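J.: As annotated by TrEMBL, DNA-binding region applies to 69-129. Residues annotated as compositional bias 'Acidic residues' in TrEMBL: 344-353. What TrEMBL records for 67-128 is domain 'Homeobox'. Residues or ranges marked as domain 'TLC' in TrEMBL: 131-332. Residues or ranges marked as region 'Disordered' by TrEMBL: 338-380. What TrEMBL lists as transmembrane segment is 45-68, 140-160, 180-198, 264-291, 303-324.
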């Protein structure tokens, strides 16, 4: 049964154009071709990325946060209460009014005190400013290095300037070591993002982030196996071109450098719109949809690759909508926050006064920083 499933999965008609077989992509005469077995290395590399990230955040990001004076807000902790804690852990973090009344009787607290307890308890579970800064620092470092390395990999290739050459001789296109490592490192990094997503800072687009990571992993893996390597390198470099700007804006935001954050965000928004909503659909997608049909009939791999590209494009449109909303608020002078962020609740959010420091009603929400708090997407 396993052999039958294996044979069906690797059937040439699914992966390659008509009249071509895997034998045509066997290494010969010093020419090396992409093979599915190459991808096994990405899982141990992903674990290595997680280890490197741990030490990077500990010995690089944390001192950098101290240097930039990233300050934590003192949070009021919820007093120990077994009844409320049990409900919080088993039934939900946002009790309904009927639940509040029941918990009030069980704990012998007023309804207002119960609501305050849950508000403080939720704030305790929210990620700290230092955690957000360290996460943004790690992603900024990787995306910047990946963008520089990716550009170096493709800038001297003829298909970088003439997209028709992406398909010249396809699929019998050999690869070079720089392409191999660019693919393996990018795929390993997205595996590491998927492995750590449960512990990373969560946003309102958490589900979209999971879809993005899974779609990216599938797209990179499939493009390698089907030897869509030339198109894949262009797509990865295009995505990395704006991601490091987003992460740097977050870093300056957490450090309190609001003007710098806002200026970088404007540059990021422009680059994101140009690369994700103009270049990607009207150049790259056109290249993957139209040019291949001039050389061979459409096959399953052609449809699957472009379907996954369509999924990513829909996510780009969703994130562009959020970015434009933030940009509109910024231009109109309104308070701008990350549309995806789960902002911290203040003691005055229900009309109460804060326990420390007067005048809290007129203060900005704690951690409700302008422009951005954090992301994943890769916006991509």
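All positions are counted from 1 along the displayed chain.
Glycine residues also receive a Cβ, built from the backbone N, Cα and C atoms like all the rest.
A quick note: this is a predicted structure, and the numbers were derived from the prediction, not measured.
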J.: Grab the same-chain neighbours of the transmembrane segment (140-160) for me: Cβ-Cβ under 8 Å, and only residues 6 or more beyond its ends, written as numbers and ranges.
T.: 56, 60, 166, 168, 178-179, 182, 185-186, 189, 230, 233-234, 236-237, 240-241, 243-244, 247-248, 250-251
J.: Taking all residues of the DNA-binding region (69-129) together, what is their mean pLDDT?
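T.: Computed over the DNA-binding region (69-129), the mean pLDDT is 84 on the 0 to 100 scale.
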